[in-house]
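Asks: What TrEMBL lists as substrate binding site is 87, 149. Here TrEMBL flags 149, 176 as Mg(2+) binding site. Residues or ranges marked as domain 'HpcH/HpaI aldolase/citrate lyase' by TrEMBL: 26-244.
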């Protein structure tokens, strides 16, 4: 079967997935599978999603070592419940089919991260190979993350975001994007606001999650905290890192603060009370409370629960 045949005949995802059904991933940890020390550290990481990397983390002369290691690594016992995924090599690299044939039979693979996605055909290609090589009976359905890394991908992001019901997350890949768009980063990343906002907004528009950029430049703790908070304020679901020590900082930034949680609890209680009395919109703290605010509050409390907050006691 040719690549053009593999990249067609899929049902698009034209309806946004309800927010309460979507998988929230606050953190994504990349792990170089050719580095045994990093692999061992990943087994006890509290990241929401660990991605074993066959692409950018792996030097060219270590590609075969990585492929030789990947199945063994997927089957290692781990002490946490992190979701497990693999980043394959990009479509057209010459490595992607071999990567997929290798990892798809493993029932440990819950997520595939597709790098350098530029059009729906890249997603369709992978989906059709999943149908060919994966047996999903008795296991979780394999989900996809699309890495948005180029200016062309930004222009096609609307079509990418709704091209498959396997796709549940868009990821902003900053390094390749800066090279492709000839962007130069500066303090606070103002030159990246447009691209980051586009990824976040496309995800929200089509019922997907979104992952903000990685930082590979050893930022100070204060700078990294602010970067995480900035991504949260921009509407991202979570953030990428290759440093396990970053996970707690990311999780803290992507948990609503006490004031926001309290406001969400108040809106839920107010909405529930008005529903019993068949009332419409009302004012709470000088702000209108109606269905959009109720949905916002539900989302906030769902994220708070994931972060370990006892939401039920607050709602009691």
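Cβ atoms are placed via backbone N, Cα and C, with glycine included.
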Asks: For the binding-site residues 149, 176, which Cβ has the most other Cβ atoms within 10 Å, all shown protein chains included?
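Replies: Compared across 149, 176, the most Cβ atoms within 10 Å surround 149.
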Asks: Using DSSP and three states only, what is residue 87 (substrate binding site)?
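Replies: Going by the DSSP assignment, residue 87 (substrate binding site) falls within a strand, counted as strand.
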Asks: If you draw a 10 Å sphere on the Cβ of residue 87 (substrate binding site), how many other Cβ atoms land inside?
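Replies: For residue 87 (substrate binding site), the 10 Å Cβ neighbour count is 26.
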Asks: In angstrom units, rounded to an integer, how far apart are the Cα atoms of residue 149 (substrate binding site) and residue 176 (Mg(2+) binding site)?
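Replies: Pair distance, Cα basis, whole Å: 5 Å.
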Asks: Take the domain 'HpcH/HpaI aldolase/citrate lyase' (26-244) and average the pLDDT across it for me.
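Replies: Summing pLDDT over the domain 'HpcH/HpaI aldolase/citrate lyase' (26-244) and dividing by its length gives 95.
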Asks: Round to the nearest Å and give the CA-to-CA distance linking residue 87 (substrate binding site) with residue 176 (Mg(2+) binding site).
Replies: 15
Asks: Where does residue 149 (substrate binding site) sit by DSSP, helix, strand or coil?
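Replies: Once the DSSP labels are grouped into three classes, residue 149 (substrate binding site) ends up as coil.
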